Amino acid sequence: AVFDQSCKGVYDRSLFSKLDRVCDDCYNLYRKHYVATGCRRNCYGNLVFRQCLDDLMLVDVVDEYYVASVQMV
């Protein structure tokens, strides 16, 4: 994964990898380029990312991922 320059704040490699993995897995699920780019938009603070969490059945950790994405902004 390549670091997204739009993400501000403290760069935490493990946190970034965790968020990026959600988008990679979501892309692998749908195989649509716009899913991968949309998921990462606004430093993961978007509805596509939230939908990916739901689609990947990660709803039990949504709050954890949301807090992580806010830390990246």
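Cβ atoms here come from the backbone N, Cα and C positions, even for glycine.
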Message = Taking Swiss-Prot as the reference, CYS52 is linked by a disulphide to which residue in CYS26, CYS43?
response = CYS26
Ask   = Disulfide partner of CYS23 per Swiss-Prot: which of CYS7, CYS39?
value = CYS39
Remark   = What remains of the disulfide-bonded residues CYS7, CYS39, CYS43 once a 10 Å Cα-Cα cut-off to CYS26 (disulfide bond) is applied is CYS39
